[in-house]
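The structure appears right after this line, and notes come after that.
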Amino acid sequence: MATLTQKFHGLLQHPLEPLFLPKNDGTLFYDLPERFLTSRYSPIGQNLANRFGPNSPASSQVSNDTGVPPTVVTIKDLDELPDLTFATWIKRRDSFSLFNPEHRKAAGKLTKLFLDQPNADRLVDVAAYARDRLNAPLFQYALSVALLHRPDTKSVSVPSLLHLFPDQFIDPAAQVRMMEEGSIVLDENRMPIPIPMNYTATDAEPEQRMAFFREDIGVNLHHWHWHLVYPASGPPDVVRKDRRGELFYYMHQQLLARYQIDRYAQGLGRIEPLANLREPVREAYYPKLLRTSNNRTFCPRYPGMTISDVARSADRLEVRIADIESWLPRVLEAIDAGFAVSDDGVRVPLDETRGIDVLGNILERSAISINRNLYGDVHNMGHVLLAFIHDPRGTYLESSGVMGGVATAMRDPIFYRWHKFIDNIFLRNKARLAPYTMAELSNSNVTLEALETQLDRAGGAVNSFVTFWQRSQVDLRAGIDFSAAGSAFVSFTHLQCAPFVYRLRINSTARSNRQDTVRIFLLPRQNEQGRPLSFEDRRLLAIELDSFRVNLRPGMNNIVRQSSNSSVTIPFERTFGNVEQANAGNAQSRFCGCGWPAHMLLPKGNANGVEFDLFAMVSRFEDDNANVNYDENAGCDDSYAFCGLRDRVYPSRRAMGFPFDRRASNGVRSVADFVAPYKNMRLATVTLRFMNTIIDRPTN
């Protein structure tokens, strides 16, 4: 009997193959009512059942090969078939974009349809009917959101998009070679197909120095999964999450800071905000990605192209540059006035408590934006204008560039310029807020006596970080449609950092045991020319490495914290774990939380070594406490910094990015000035060195 996880994973696997074809490497069969077949296949339904159904020779072969009967999912007929016309206008093999308002609306309605089903079994039946009639990425997105938000499916892991649509992440040449390998070579003899490290440009393009970041599979999966956990449209109980708008700000602010830090290390300058949409876009990008659903490429952008108004009737999409130019002054006026106006005329303060959260939902135009008509859709429509810069009117029947998808947008250098522009709007609001007071920053109960790091190995170097290349493998069989059964491994090379530990010595003067919060940030020192950065620049580029609760006894406490326990990251297995492991119930492979990929915890640095300031503070738990129960060592609670906690409030009442999210008081000219008055803070100088060597990741 199929488990709930197997039923739903079968619906998600091989998204372009009809559901009547066997799934799970030929071991899972769906027994469908005949009227569930699409118009193409219903006239030959009996023939298909004889060839591919639960009683077919294919099913018998499974028993002969494994000695175990195949798993059969019997789909029950529905008394009333759901009306899917709200979504069927998006063609099954066309592109799908959460930045397109009409696509987003269809996704919200489909999510609601799935959420409204009375139980998980009925959801399986309804999803089985809808699957082959709808756009494949749309179906995957809506069903995944529903699985994450239904009480009766929360034990079902959502497979990584890499395993469902690998074409959005890997060199298309690798897919051709995978199909060749699968057609000719027996499973036990197949070799991983290597994906080149640099296949989108040569070193003649300076921006290619950052391809390791922009085109990292884990980084792009993080962006996709964040938008899965925090959908902008759908039923209110799905969209309305604690501090959703602030998380939109903070997650993007942190990835921009990480990107900028590595730009400096690679000899590249500041990210220039894309503030003028009428100027030519100097950056080019040739993504080298192919949508296998229709064999159309993600279109490139040539150097110096000019953004135009978008009017594409087939996509039900109409966006004018003037729209953004009219919305933006209203947003800035609200910031400068200190309040925004809701659609019912109420003034909503943009204060230190909720201001950034309100502003985040306004800029993303989520379903809980307080006034979508007045403040518009600045963020999403910027993505749309850039995604269709090559064919704004659909004259040449070209689909969008990578800026049109949440799983691909971060590959493009222009993503960072656009988001730097958006980030500056948030910073305008943050600049209005008063600096933190001494009472807010201090902790009279503790003294942070010492801070250092050490590489986690015998005799490991102190205050020294090491990064290097790592070659890993991932099995993409669940996303390769109409291909031979068996494994489909690719190998890819990505950044990795050597494991390390933090060592803190904390003296507690309290008379009893107490709990506090340790916050750890990394701050750059120099720009690309080796010149010192101002404190303001360093504050804005402080990247969060960890935050954790600590139990302190009276007197001296020696705290050791593993880098792998970071509250920012998720482990490799949760980013890349395969569908087969999840079907088997492997808890380590459950894709239950979003988070920054662990292999990107540290910046890359360079071979000469880059110096940073490591900052730690011990803040008062009573000021942080959000009265929420969570276990930092549990699989879904361990990476909350960018993603919060599932179904619970954010675990800290402090502003995200505290204490660097606000300007400092007058007189602070350096990080040392900032730390000096506070015995609960400490700095350490650390050096990050990149080793240009490739180490294979151990495989099981």
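Numbering starts at 1 and runs along the chain as displayed.
Glycine is treated like the rest: Cβ placed from N, Cα and C.
For the Cu cation 1 site that Swiss-Prot gives as His223, His227, the extra residue drawn from His163, His252 is His252. When the candidates His390, His419 are compared with the Cu cation 2 site entry in Swiss-Prot, which names His379, His383, the shared residue is His419. The record in Swiss-Prot lists a disulphide bond between Cys594 and one of Cys592, Cys636, Cys643, namely Cys643. You'll find the Cα of Asn445 (N-linked glycosylation site) roughly 26 Å from the Cα of Asn565 (N-linked glycosylation site). Excluding the listed site residues His379, His383, His419, the same chain places Phe99, Val378, Asn380, Gly382, Ala409, Phe415, Trp418, Ile422 with Cβ atoms within 8 Å of the centre of the Cu cation 2 site Cβ atoms. Put plainly, the binding-site residues His227, His379, His383 were compared by Cβ crowding within 10 Å, and the winner is His383. It is Asn445 that, of the glycosylation sites Asn295, Asn445, Asn565, has its Cβ surrounded by the most other Cβ atoms within 10 Å.
The separation of Asn295 (N-linked glycosylation site) from His227 (Cu cation 1 binding site), Cα to Cα, is 26 Å. Per Cα geometry, His419 is the residue among the recorded positions Asn198, Asn295, Glu364, His419 nearest to His252 (Cu cation 1 binding site). When the binding-site residues His223, His379, His419 are compared by Cα distance to Asn295 (N-linked glycosylation site), the shortest distance belongs to His223.
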